[in-house]
């Protein structure tokens, strides 16, 4: 059986091969690009305004950590499963006048405006003025979540709070 190009006039032989290569490249591009895009939650792009790596303050000394949109998506998912019951829409149900805004996080005693401070708070929740244990927020002991698991929601909450300065 003759090849398809042998039936076509000479001027059509190159374009048919070109279209075949364009089709193959398009399929490869779609196959490689879509899994990456699927891992980033649209919420992270739209509301946290993250499309690439972002630096967030780690501690009071000014050290920072860099997070990818994928890491923030994972943090958002963990926040939804562990924190959303009390922090719907950035509010704090036990104390509605205190939100997750950076202004409110900075005003806490001790301040909770760095990743390290938020992670410490998750291990030992204190009242806003730091005087007593917070009965509205349950502590997250290492037996429930290891340090890595506890650390994931903090960057998402921190980035969320940055939108409400």
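For all residues, glycine too, the Cβ spot is worked out from N, Cα and C.
Given the structure is predicted, the values throughout are model-derived calculations rather than measurements.
What Swiss-Prot records for 1-38 is signal peptide.
Sequence-distant neighbours of residue 83 (heme c binding site) (same chain, six or more apart, CB under 8 Å from its CB) are 153, 157, listed in sequence order. Look at Swiss-Prot and you will find 83, 86, 87, 137 tagged as heme c binding site.
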Task: Residues close to heme c site centre defined by 83, 86, 87, 137, Cβ within 8 Å - done: 84, 85, 92, 93, 136
Open item on the list: To see if you understand the setup: which same-chain residues, six or more apart in sequence, place their Cβ under 8 Å from that of residue 87 (heme c binding site)?
Closed with: 79, 93, 100, 157
TODO: Would you measure the largest Cα separation among 83, 86, 87, 137 for the heme c site and round it to whole Å?
DONE: 10
